[in-house]
Amino acid sequence: MSNNLFSISWLSVFIVVILIAFIGNIIIILAVLRDRSMHTSTYFYIINVNIADILLVLSCVPERVAEIFHPNDGFYLGMFTCYLLPFLQQVSVHAALGFLLILTVHRCYLAGVPRCLQRNLIRRQIRNHYQTMCLIWIFAIIINLPLFTLTTYEKYSNTTMNSTTNISELVSGPSCDTEARELWSRTYLILLLVFTYLITGVFLIIIYGQVIRIILNSKKLANRTNSNKRNNNNEDYHFLSRKTTNQRNNYFETPARSSSSSPQAISSNRLQQSSSKLSSPISIMIPMERTNSHSAQHLQVIVMLFVVILLYILLLLPYRLLNLLFIVYNELFQQHFMNEVLFKWLLNTVRLLVFLNCALQPVIYLIISSRLRRTVLKFHQSCWRRYYCQWRCSLSMRPEQHQQADQRVIQTYLCQRYQNINGQ
């Protein structure tokens, strides 16, 4: 009973976090797809990160539910599920990391990306988001194909002694294990962790650190220039200086000349006017609000991606390390090196961190990105208006529908009565 209560309590926590992750990611996907102004490469990559998170949480649900009905009896979800679930979990994790890496290179192209990646071919490939998305999913599938050879599904049988009857009973059940016993399998898992997680995570943190440093320095410089321009009241528009306006006025003024002026003087005056026309700047009034809003949105996207990547690395690191330790050194876990209850607490806490990462990502998107927040609010308003109007229309149409049904019944009754009278 205590084991069932322990499993049910953890399952309730998992269900709450999984529902938040699923609903939040679905809302982000539908809101971006509905707004055509958000159909850019950046938000399409963000949608694929959300799809990877949904795939991860859905692939973890069957095992959590099966633990309640069969807590210690083995794996009763079938051989196909045994091979499929670990593969889907690893594919979703690596696909999300790949899309975050592409987003980093795309948004921080000139500021923080190394020069070896600043090439036209890479930039064109990133902008071709449909092809890049397919390549990332294919790459995530290919690098995880060896997991099928590491996963084994077999049926075991154990003899247990019944305490009441003192009779030994044969208990058989299926098991699903992912083990790395050979040298190549252990090397594969270690290299997969190092190259796809540690090196990529350090690379992303360095890039965003450099970008944030550049942004902070530019903001300091912008604050200094704004403080110098406050006395000139140039907060809203860029105006020309007094010297430039005098030059423009002198150009448009036509001085009076005598009729005795020579053709050489006239040609020299024309040359001076044409040179002054080319050299004098053109007065253009540029609103500062548009440039500030564009730079603010760009900064919000960079900060949003940095926070998402940082949480991704911190929350998934215990899961990746424990998963690697469990696969490579499976004999250590079979020897019961720690208390069983403590081990279950550790394992469920690591799983909860993975689900929290998937649930916190849409919340971070809405908190930091004002554009995405407006899009989601617009999507909620449109959905609310649609369903509210349908509900009101259905309520208003109910009496009319009843009236039409009554009229049809009366017409059929009268037709039958008329036919009976004619038959007589």
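Even glycines carry a Cβ here, placed using N, Cα and C.
Note that TrEMBL annotation is computational and uncurated.
Annotated in TrEMBL:
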type	residues	note
TRANSMEM	7-31	transmembrane segment
DOMAIN	24-365	domain 'G-protein coupled receptors family 1 profile'
TRANSMEM	43-61	transmembrane segment
TRANSMEM	95-113	transmembrane segment
TRANSMEM	134-153	transmembrane segment
TRANSMEM	188-216	transmembrane segment
REGION	251-274	region 'Disordered'
COMPBIAS	258-274	compositional bias 'Low complexity'
TRANSMEM	301-329	transmembrane segment
TRANSMEM	349-368	transmembrane segment
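With pairs at least 6 apart in sequence, the transmembrane segment (349-368) and the transmembrane segment (7-31) have 3 or more Cβ pairs within the 8 Å limit; the two touch. Below 8 angstroms of C-beta separation, residues 18, 21-22, 25-26, 28-29, 32-33, 85, 88-89, 91-93, 95-96, 99-100, 102-103, 106, 129, 133, 136-137, 308, 351, 354-355, 357-358, 361-362, 365, 372 of the same chain, each at least six residues beyond the ends of the transmembrane segment (43-61), sit close to that stretch. For the transmembrane segment (188-216), same-chain residues at least 6 beyond its ends with a Cβ under 8 Å from one of its own Cβ atoms are 94, 97, 100-101, 104, 108, 111-113, 143, 146, 180, 299, 302-303, 305-306, 309-310, 313, 316-317, 320, 324, 327-328.
Note on the domain 'G-protein coupled receptors family 1 profile' (24-365): its mean pLDDT in the predicted model is 74. Residues 13-14, 17-18, 20-21, 24-25, 27-28, 46, 49-50, 53-54, 56-57, 60, 64, 300, 303-304, 307-308, 311-312, 315-316, 318-319, 322, 376 of the same chain lie 6+ residues outside the transmembrane segment (349-368) yet bring a C-beta within less than 8 angstroms of a C-beta in it.
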